[in-house]
């Protein structure tokens, strides 16, 4: 997989000459445009001579008025404007020659301060020099009283120190002159007098001038002094000195400051940059069209705030030149220099200043840095996400008559979206001579335009998108179908994937334009192809609500119905009998098996007749002829199960019906199983067709069933009052125990809650029995079929609401005894409001949290793409069932973890027979065989052990869950992994929302915060578990005042070595005396600190721990996520190493680099016979990992923009554009999917789809 564009983007410091070479002229005046003529002022910030003409090929003075492209490249002799296109005003830069050097604020203030590190100053000292508070010694000359780079602070509190420094130096000069009458002696004596008395001010300039005269010492202040010092740095020499110092102090001392300095020195040397370039002598002026002035209605103007910042610089620069010419006192000049420095700082990064420059509305002006960073910055707003043409949005409504690959687009919207294509069609078919005529036809609503529209919409699908787009199914393609009205019509089955409902949701429509885009939309994104959800490989298009209800009603059986016992010889005969009202839909009838499709039955079965209903005949007609006949709720073995409904013709049908037990109708669960089996057997295309038939049948019969719900359907439940009386008595008893001091407050609360929970459970059980007796009760039908609601809702309607949560989310002791049917009392209503409100507040907060989690996950994993077939990895990953060791229950069974993965080696049973050969994809069948053989641990190929330098291979990834086939090369599995973990994150959060705050339903505090804790690699203080550092046996547990000391003994070469672990107060122990422990084993309850685990037990232990813990959180919420997605994120978290010894490589001790970069350096060192570096594994949270990415563009667009860019500039980093984000920013095709493998195959698939649809 080669990167097709082979370009790199490099960022580095610009020298003054470089900036001048970019420039097209110097800006010397602060004016922008003339208020009368509204034309650009000469030499100002919008000058046409510098930046190019405002109108194409027209000059400023009016000599060249007519825009004539023939004049391109000429210059107007009168006004000097080059005649060219006005677009150059977006790219031509100017410059300002600064009267005095200024430092770049990033180099001074972004921590760690780069200039301070280079000059070995404290950043505070550096700032004092730059902002004209303190002087600095540039060269001590022959004076022994000063050191180079010493800062002379004149702040009131610190001037004492400076006075005592200057005193001896001046005394020395008096001795040197040795002439009491000399002018300088008199001057020196006056100075000494001022220095000795702290209340008298003294002139430091005078003092330093005198010292310089006699000792050749040099002093400086401001950026020019810093520039002077930076020029003095000899990189090679400094690198050598720093390395020697590092060697001298040894590896264990605190050497972080030296290492930082060495890093900067080496970076500058490697990237051929001079330190003094960090100080600006020339300031670039960005092109005027990027900082425009815009005229508003009413003749007023508004301008980009950057212009204000530039004006301020130019004004101060001019003033400084004037002051210098006039020969003003140094204090005035220094003040002007300081103001220029601050003006430049404000332009570059206003928010970093202690007192930012403010606009009229008292908020800081937006500087160049703030234009880059944040959600509204250039990176995220304009480079990673753009607004697109040919798009529209509207409210969605249900489209029950659509096919699964269609969407209804309102006619007016379609006309606007497809306007260019309509115009083209009208011209081609000679209804319009030119574009103008065609546009006029559209304006006048000519009937021909609708014919044109009908034709052109067949050429291209549209993309529908619903925000928030949490996973790849949030954007799908559909063939447009014109509909009346203004709402977009959406197929009811795709709503789950979009997480849409029809209560006012809006969706956006986009039209793909190019041939390739159209082909991709058709071949890869069509709604009818998205049958499976990528996160778990389960069908995502499961029917809901009305469709379930209709199918339930159609497959319902009842004895004693009209036409029961009628025998039919043909399917059509039975259906006609139903249509004419001879037989009811749910009556049990007989039909000759021979009349039904032959493939559905065995030879033997076809000799008898089948007991069924007309509804079931209609239901089975939606399936393919080779799909088994479904007559009951056993789907997996439908072919055998149907035997119990087939009778020999010798048996009388009425007799058979009398002995026959009614079977339950088809419910939601069965429909899901049918879809799964159907998909595996027939693929996406046929499944979509079947689903459309299922939908039509469902809607038809849910309408015919006339199911409604009213207060009359909800039976009153009188028994509850007896239970209440009994419970009240128990509670009174508990309270009296508490009053007598036999129970603590906590115990009392616990027991009361238990009593009321039991009551509610009991009422719920009894209600279930009551409900089941009336199988036609609409509430029962809805709950039983899975269409809507459940028994808990029903309990609340007629039984009791039960216990509620309080504002903190704890359970209250007072239950709500009323049901909704009776109505709640005022106090009960009040108690129930807490939970419901908390649910709403949680939802709002956690949705944002979850969205941010997804964003960070995408950033950490975006560069992972499937790049080849097999990496030939020499290591596998051993897995077993995920077991919650605390409660000893299975969270993820082994089968779920191995299906769809490749085996690493032969998997054999006890006898040595091979069940699955090496490198074979394990299907469901093989997985069952492995489990049947009693195997509990399996070594599989995993992303975690994949050997590819970049990306992963097909074998290590395994099956693509969204297509149920092997993953294709080019699949961006990193992003899919991030979406699959992030998308249910919102469900983790929304769970509290649906229960209306009913107690007992766990509020998800362990959910999202726990995931964040694991992936950010943080642990909450106080909840950290103690882990064993070495293997051994727990030889003793000593308890002293609630604090345990666990003693672990290990045997090393025959000697017993003890290690003691002190626990927190009242910590819960996880081990007993005599237990064997392995490194990393938990000794106390709590969450493990991942850094410690990595240190003690190595990477595999960390990988397994994160996998298990993340799975635990999701599975407890009933959400299934495939292991491989979590593995990808974990792979990225463990992808970095920290250099411990740099050997003879250019890597520095303490530097964090990616494993692939480290491997490259080691290989290179070995090849050249140098000592290779040594490093240890690092685990980085998903917040930190992207910032350490190989690509600086990707890191800068994630977070900490200024810091990432400053670092990249000093290192002169190159971005090889290997990830997805970098290429999106530059408008390239991403190196994934068709951008990697080419589009030919996709074009062919799309062509075939198109033929079949129209």
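Using the three backbone atoms N, Cα and C, a Cβ is placed for every residue, glycine included.
These numbers come from a predicted model, not from an experiment.
As given in Swiss-Prot:
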BINDING   59, 61, 76, 79  Zn(2+) 1 binding site
BINDING   501, 503, 505  Mg(2+) binding site
BINDING   871, 946, 953, 956  Zn(2+) 2 binding site
By Cα-Cα distance, the member of binding-site residues 59, 61, 79, 505 nearest residue 946 (Zn(2+) 2 binding site): 505
Rounded inter-Cα distance in Å - residue 953 (Zn(2+) 2 binding site), residue 501 (Mg(2+) binding site): 39
Cβ packing number for residue 61 (Zn(2+) 1 binding site), 10 Å threshold: 15
Of 59, 76 (the binding-site residues), the residue whose Cβ has the fewest other Cβ atoms within 10 Å: 76
Fewest Cβ neighbours within 10 Å, where candidates are the binding-site residues 79, 871: 79
For residue 501 (Mg(2+) binding site), the number of other Cβ atoms found within 10 Å of its own Cβ: 10
Largest tally of Cβ atoms lying within 10 Å of a Cβ, found at which of the binding-site residues 503, 505: 505
Candidates 946, 953, 956: member of the binding-site residues with the richest Cβ shell (10 Å): 956
Extra residues within 8 Å (Cβ to Cβ centroid of 59, 61, 76, 79), Zn(2+) 1: 48, 60, 62, 63, 64, 77, 78, 80, 81
By Cα-Cα distance, the member of binding-site residues 59, 79, 501, 505 nearest residue 956 (Zn(2+) 2 binding site): 501
Spatial neighbour of residue 871 (Zn(2+) 2 binding site) that is closest, considering only the binding-site residues 59, 76, 501, 503 and their CA atoms: 501
Residue 61 (Zn(2+) 1 binding site) versus binding-site residues 501, 503, 505 - nearest by Cα: 505
Nearest recorded site to residue 505 (Mg(2+) binding site) by CA-CA distance, among binding-site residues 59, 76, 79: 59
Check: same-chain CB within 8 A of Zn(2+) 2 site center, minus 871, 946, 953, 956: 868, 870, 873, 941, 943, 945, 947, 948, 952, 954, 955, 957
Inter-residue Cα distance where the pair is residue 503 (Mg(2+) binding site) and residue 79 (Zn(2+) 1 binding site), in Å: 63
Conformational class of residue 59 (Zn(2+) 1 binding site) under the three-state DSSP mapping: coil
Extra residues within 8 Å (Cβ to Cβ centroid of 501, 503, 505), Mg(2+): 396, 500, 502, 504
Cα separation, residue 503 (Mg(2+) binding site) to residue 59 (Zn(2+) 1 binding site) (Å, whole number): 58
Between residue 501 (Mg(2+) binding site) and residue 76 (Zn(2+) 1 binding site), the C-alpha gap once rounded to whole angstrom: 64
